[in-house]
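Colleague: One structure, as structure tokens, below. Some questions next.
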Amino acid sequence: MSIKILFICLGNICRSPMAEALFQKHLQEAGVENKISVDSAGLGDWHAGSPPHEGTIDVLEQHGIAAGTGTARVVEAGEEADYIVAMDDQNLEMLQDFHVSTKDGRIWKLLDFHPDRRKEDVPDPYFDNNFGHVFELINTSTFHLLQWIREQENV
């Protein structure tokens, strides 16, 4: 049975699809892509059905990473995952309305796994276009998140 990771951001076109793509890359590099699955979703339907933001696609491609073929979707009420990881405090607050559930009842913030940026929010590049900075934050955090999950799950 696969361990499910779900990344959440506001619209599912910038941060969470970037986290999904980077986490997938880390899974493949670690050789555990058959044991852990990853998905992403947003909290609003503004971009539902749209591809990732071109800034997300561009920064991923600059690093040799495919953005995938997924389109933005809204998290479903009652959706379940072993680990749900949000990008910021606003996401955490909004997620309460969706009654999502995790294995231990906890929803994490991605930067809680960054060695130097714990308790901070991943800024939304939709508003400031700083996709390079966000890429670095997410890349580092998803790498450490995977290491932590592998320890928790003995994978």
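Yeah, the Cβs are placed from backbone N, Cα and C, and that goes for glycine too.
Because TrEMBL annotations are produced automatically, they should be read as predictions rather than curated entries.
Just so it is clear, the model here is predicted, and its values are computed rather than measured.
Checked TrEMBL, it gives:
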ACT_SITE  C9  active site, nucleophile
ACT_SITE  R15  active site
ACT_SITE  D124  active site, proton donor
DOMAIN    3-148  domain 'Phosphotyrosine protein phosphatase I'
Colleague: Give the helix, strand or coil assignment DSSP yields for C9 (active site, nucleophile).
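Modeller: Assignment for C9 (active site, nucleophile) reads strand.
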Colleague: May I ask you to report the DSSP-based helix, strand or coil state of the residue listed as 'active site, proton donor'?
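Modeller: The residue in question, the residue listed as 'active site, proton donor', is coil (DSSP, three-state).
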Colleague: With Cβ-Cβ distance below 8 Å and at least 6 positions apart along the chain, what are the contacts of the residue listed as 'active site, nucleophile'? List them in sequence order.
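Modeller: In sequence order, R15, S16, A19, S40, G42, L43, A86, M87, D88, N91, V122, D124 meet the Cβ cut-off.
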Colleague: Please determine which of the active-site residues listed here (R15, D124) has the lowest count of neighbouring CB atoms within 10 Å.
Modeller: D124
Colleague: Over the domain 'Phosphotyrosine protein phosphatase I' (3-148), what does the predicted model average in pLDDT?
Modeller: 96
Colleague: Using DSSP, break the domain 'Phosphotyrosine protein phosphatase I' (3-148) down into helix, strand and coil residues and give each count.
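Modeller: For the domain 'Phosphotyrosine protein phosphatase I' (3-148), the helix, strand and coil counts are 61 helix, 24 strand, 61 coil.
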